[in-house]
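*Asks:* Please read through the structure below; I'll follow up with questions.
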Amino acid sequence: MPGLGRRAQWLCWWWGLLCSCGPPPLRPPLPVAAAAAGGQLLGAGGSPVRAEQPPPQSSSSGFLYRRLKTHEKREMQKEILSVLGLPHRPRPLHGLQQPQPPVLPPQQQQQQQQQQTAREEPPPGRLKSAPLFMLDLYNALSNDDEEDGASEGVGQEPGSHGGASSSQLRQPSPGAAHSLNRKSLLAPGPGGGASPLTSAQDSAFLNDADMVMSFVNLVEYDKEFSPHQRHHKEFKFNLSQIPEGEAVTAAEFRVYKDCVVGSFKNQTFLISIYQVLQEHQHRDSDLFLLDTRVVWASEEGWLEFDITATSNLWVVTPQHNMGLQLSVVTRDGLHVNPRAAGLVGRDGPYDKQPFMVAFFKVSEVHVRTTRSASSRRRQQSRNRSTQSQDVSRGSGSSDYNGSELKTACKKHELYVSFQDLGWQDWIIAPKGYAANYCDGECSFPLNAHMNATNHAIVQTLVHLMNPEYVPKPCCAPTKLNAISVLYFDDNSNVILKKYRNMVVRACGCH
C-alpha cells in the first residue's frame, strides 16, 4: 500500500504544522511529477537539471536591453568613438571619477578631514569654473532642442530632460561665483535675468559654432616682471590639440571680479588684456593690446575679453603662442595688483578661476575613419543575408497579403547609454541619448502616416506589377536631429561638440 503510506506522511506533516508554535517540520519529498511542476526537473541519477537562464537584461527608464558581451562592448565603443570623431577614448587627468577612500577608524577619519581642510585639496574637475561654464552652454543647447521637439523627446533618456542640471554637478556655497548680489557685470539672459556664467553674446556665438572648447591656465607661478610691469599677470593656454578643419569663430578670456571693500572701494579700474608678441631677457616683453574694460570697484561678476584674433594666430602658428598679460590701472594712472581690484587668480576659489573659451566651426566635411576589416566582413555577410531574404520574399504579389500582418513603417525606440559603455569618467553630459531607428513594411497602399515620397509611391506600384525586378521602398529616417556632447579631453580641457544627424525624429518610405 505505497499510496496509503505517502498520504499518511502528508497528514502527519500538516497536523504538526497546525499544532506546533515553532517552525513547521521538514516537508516530505514530493513525487517526480510534483517536483517537475515546481520548476526543477530531475535528470538521470536524480541530479537536478535547471532550464537555461535567459541572458541578463537591464532597464533604463523603461528601456529593456541585453547586456553586451566583452567583445561586443569593445566593438560598440570603437564604432561610437569613430562617429564622435575621436581617435581614442579620452583619459583626462582630472575627470568625473573620484577614487573611493579606504575605510578608516573614526579617529583617523577625523584627522584625515582636518588635513584635507588645511590642504584645500582641489575638487573634481566638474566643479571648476570652466566645466561649469561649459555645462551652462550645454544646458542652453539642450533647452533649444526641447523647444524644437518637446513632443518627440529627442536626444533624451525617457523620463529625463535633455539638459544636465548644474545643481547635480556642483554644490554652491553662499558665496559661490554664480550668486551676484551686487551690480552684475553679466549681460542679461533671454529671460531678463543674469545667467550664472554665460551671457547673451555667448549664446549668439554658440548658435554659429559646431564645437566649443575651454582651456585652463597653465601658469603655476607668477613671473618676475620689470618695475614697470611688476603688477602684470601672465596666462598661458595650450591650443595645440584643436581638431583639423576647425576654424575659430570667437574666443574669450574670462576672469571673475569680486566686490572691492578695501582702500580702492571707490575707484574705477581700467583692465587691459595684451598678447605677448616677443619675450626679452633684459627688458619688457613686446605686447599688443587686445581688449579693455572699465569697471567700478563695487561691481561683481565675470569679465569677458575678446581674444579672437590672437586665438586664430595661435591655432595656425602655435610657435607664436606666448600667452597673455593682464594689467589694472586706476583712473589716476596708478598701476595696481589685480587682486587689489578684486580680480580672482589661480589661487582663488576653483569655481571663480580664470579660463579661456573658444568657439569653432568646421571648415570641411568630417570623414569617418575606416572601419576594421572584421566589421566590414560582418556587414557584408549581413547584407548578403538581407538580399537573400528580399529575393525569397519577392516571389509574387502574394507578398502583400503576408505584409498586412506586419508592422507598418514607423519609428522605434533605441537608447544609447554612455554610462553602460564605461564612459562616465570623461563624458560629463548626457548620460545617453535616444537614437531611435526606423523599421516596418512599406506595402501598398501607402497611407499618410508612412510619410512616403512620390517616388516611393510609384516604386510601390511598379513592384506590385514586377516584384521580381523592382524591390519595395525602404523604411528610412525622414528627419534627423543633432545632439550635443560635453566631455573632457586628455588634457582635462572641456569640449562641447554638436553632432548632426544622430537622432531619428521621423520615419517614412523611400
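The backbone N, Cα and C atoms fix where each Cβ goes, glycine too.
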*Asks:* Looking at the disulfide bonds in Swiss-Prot, identify which of CYS474, CYS507, CYS509 pairs up with CYS442.
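*Replies:* That record, Swiss-Prot, gives the partner as CYS509.
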*Asks:* According to Swiss-Prot, which residue among CYS259, CYS474, CYS475 is joined to CYS409 by a disulfide bond?
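*Replies:* Going by Swiss-Prot, CYS409 is disulfide-bonded to CYS475.
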*Asks:* Which of these, CYS474, CYS507, shares a disulfide with CYS438 in Swiss-Prot?
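*Replies:* As annotated by Swiss-Prot, the paired cysteine is CYS507.
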*Asks:* Sorted by position, what residues of the same chain at least six away from CYS509 (disulfide bond) have a C-beta under 8 A from it?
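*Replies:* In sequence order, the residues whose Cβ lies under 8 Å from that of CYS509 (disulfide bond) (at least 6 apart) are CYS409, CYS442, LEU446, MET450, ASN451, ALA452, THR453, ALA456, THR460, PRO473, CYS474, CYS475, ALA476.
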*Asks:* What same-chain residues, at least 6 away in sequence, bring their CB to under 8 Å of the CB of CYS507 (disulfide bond)?
*Replies:* CYS409, LYS410, LYS411, CYS438, GLY440, ASN451, CYS475, ALA476, PRO477, THR478
*Asks:* Cα of ASN266 (N-linked glycosylation site) to Cα of ASN238 (N-linked glycosylation site): how many Å, rounded?
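*Replies:* With the alpha carbons as reference points, the distance is 37 Å.
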*Asks:* What's the number of neighbouring CB atoms sitting within 10 A of the CB on CYS442 (disulfide bond)?
*Replies:* 24
*Asks:* Which residues, sitting 6 or more apart from ASN238 (N-linked glycosylation site) on the same chain, put a CB under 8 Å from its CB?
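*Replies:* ASN238 (N-linked glycosylation site) has long-range Cβ partners PHE215, LEU218, ASN491, ASN493.
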*Asks:* Over all shown protein chains, what is the count of other CB atoms within 10 A of the CB belonging to CYS409 (disulfide bond)?
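*Replies:* Summing over all protein chains shown, CYS409 (disulfide bond) has 26 other Cβ atoms within 10 Å.
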